[in-house]
Amino acid sequence: MNNFRATILFWAVAAWVTSGKPLGEMDEVGVQKCKNALKLPVLEVLPGGGWDNLRNVDMGRVMELTYSNCRTTEDGQYIIPDEIFTIPQKQSNLEMNSEILESWANYQSSTSYSINTELSLFSKVNGKFSTEFQRMKTLQLKDQAITTRVQVRNLIYTVKINPALELNWSFRKELLDISDRLENNQTRMATYLAELLVLNYGTHVITSVDAGAALIQEDHIRASFLQDSQSSRSAVTASAGLAFQNTVNFKFEENYTSQNVLTKSYLSNRTNSRVQSIGGVPFYPGITLQAWQQGITNHLVAIDRSGLPLHFFINPNMLPDLPGPLVKKVSKTVETAVKRYYTFNTYPGCTDLNSPNFNFQANTDDGSCEGKMTNFSFGGVYQECTQLSGNRDVLLCQKLEQKNPLTGDFSCPSGYSPVRLLSQIHEEGYNHLECHRKCTLLVFCKTVCEDVFQVAKAEFRAFWCVASSQVPENSGLLFGGLFSSKSINPMTNAQSCPAGYFPLSLFENLKVCVSQDYELGSRFAVPFGGFFSCTVGNPLVDPAISRDLGVPSLKKCPGGFSQHLALISDGCQVSYCVKSGLFTGGSLPPARLPPFTRPPLMSQAATNTVIVTNSENARSWIKDSQTHQWRLGEPIELRRAMNDIHGDGGGLSGGAAAGVTLGVTTILAVVITLAIYGTRKFKKKAYQAIEERQSLVPGTAATGDTTYQEQGQSPA
């Protein structure tokens, strides 16, 4: 009997472990099972993963892939997941081409061309933060060169995803966390989690992959070679092709003298060259094209990708356990997070290399190449602060307030007008000892103290001063750059101000370097063109129109000025403008990665949503109070839930019921106290009555005692 029980327990535990194992682990078991059974390699070039379309980087897996059926490609060469299908090329598709890329603006990726060219609001910056793009742009501008690219591409399979597949367990869990925050009205935390989702899974989902290999040579040759050469563009591409053939041994039997003459001038003007073997065997000098092709079979990689935006896959079909309206809110929140990622990595500026206003860091042209710079006077900055909550010992405004050195107060000097740049709430957590009296039955009381965590809040309002009329020369402040805790001052290449300048504090951690010394400070002075933020434009763009018509200012820089990031303050981008050509040297900046929103120090009060109704199809979802899972509600359940929320008219509301309960408890306590007091009083009165009666008849008691004694002695 004991053996039977042990067997049952063993299989129960085994079943629980199997059912409780994450899908990712189940997938690994399936892969190994198929490899052992079929003795075939697994196709590693698979769609269904996340993709960062700014950096051209593969991200976390979005779609779930399983190997329960041990499927293979049509040619039986590779094991593939159940959720994908392949389109094999019946014959080897070997392609060789040469091209000239005169400008970085029309550069196309070798391995992600299709997904980079998808049309969207921010498609102009797709791939602009990839390693290959930044390398090419830097070399073109540094060497004043153009780029030639020769490549041999061998396509083996096109791998596509099945539209009916499911979301990966980890990705789905993060979506459920976002939905839980949204349904409980914790919007700020939901935004923060959505930005973390973009950080982990990218901006798109790969739906199709071209599997194969590519051998690529990129040369950078002086731009003057193409301009001064009597040869045509086709002759230059032919020279690039011949240079590639010299690198990769094509084993041509004939070698013409004209080929040597044609390539000699090309090679003498080459400033940089790189050969990449993407897939196949590693490249080495002298490798033959035949040897490289023969090594492709077991070394397939993705040589092109197609995909759709991440939020496209957040729909009711993918999340059937959630109410449709809630799924739409999750999708919109993720879409907004992706757009914010694109926005904070868009660098407007002049992209014309021949313009004096050229901005090396700009990745989108804003039409500023033709503008002429105007000298503007800078009236300083200041910041006001109001404490909203917190202990007396937690004074937030002491480090948030900043007076204008030109006035010594929170104001602008004469002839200048204040521009409110941004208003935000600053939060800081603190602990303090909180004591209160705790009583039982209103009689037994004691003092209870506990360490309580609370959040102090203060509102700060940042202003800068713009000239509203003609001001005297040298009346404002000199601008010497700025820096924050996460950025350096381009004037000093450090988190500091130039000599003769002092910092003014703005926002929570921005330092603006200014000087009032026009003799010593002019050496490091930078022509300043104003501030603007996500909420307020720059009045210097067209001051006459803004002042006369009262229309909102444009969020851009005046002509002759270039835009630069000051900081991202809790999801809001603040930019400043300096003379074009300054602060644009050095290397290209890396991508600014999310999250950009600061998570709340304490969770907001939850609204505990229990019913979601879809107005489009009149369907309602109810959240189970025990399992916290959503399900479609029946009419009877809906009426019962509505009665629980709003009351049925015959009962008491939650507050009324609490009041009645408290009242009854108090009355009972009073009654019990009075009863105890009355009982004690009654007993005391009874004792007093007996004593009085005894004092009135003392003789009776004495006679009785004597008689008793006599009776006791008479027999003697």
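Positions of Cβ are set from backbone N, Cα and C atoms, glycine also.
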Cys435: disulphide-linked cysteine among Cys439, Cys445, Cys449 [source: Swiss-Prot]: Cys449
Asn185, Asn255 - residue that Swiss-Prot labels as N-linked glycosylation site: Asn185
Swiss-Prot annotation (transmembrane segment) - matching range among 127-132, 403-408, 427-432: 127-132
Swiss-Prot annotation, disulfide partner among Cys350, Cys397 for Cys369: Cys350
Of the candidates Cys439, Cys465, the one sharing a disulfide with Cys445 in Swiss-Prot: Cys439
Long-range Cβ environment of Cys369 (disulfide bond), under 8 Å and at least 6 residues apart: Cys350, Thr351, Asp352, Ser355, Asn357, Phe358
Other C-beta atoms that fall within 10 angstroms of the C-beta of Cys385 (disulfide bond): 20
Per-residue Cβ crowding (10 Å cut-off), top of disulfide-bonded residues Cys70, Cys397, Cys449, Cys577: Cys577
Disulfide-bonded residues listed as Cys34, Cys572, least Cβ neighbours within 10 Å: Cys572
Rounded to the nearest Å - Cα separation of Cys385 (disulfide bond) and Cys572 (disulfide bond): 19
Cβ packing number for Cys534 (disulfide bond), 10 Å threshold: 15
Closest of Cys397, Cys435, Cys439, Cys534, Cys572 to Cys557 (disulfide bond), Cα positions, disulfide-bonded residues only: Cys534
Residue pair Cys449 (disulfide bond), Cys577 (disulfide bond) - Cα distance, angstrom, rounded: 54
Entry from the disulfide-bonded residues list Cys439, Cys445, Cys557 having the most other CB atoms no farther than 10 A: Cys557
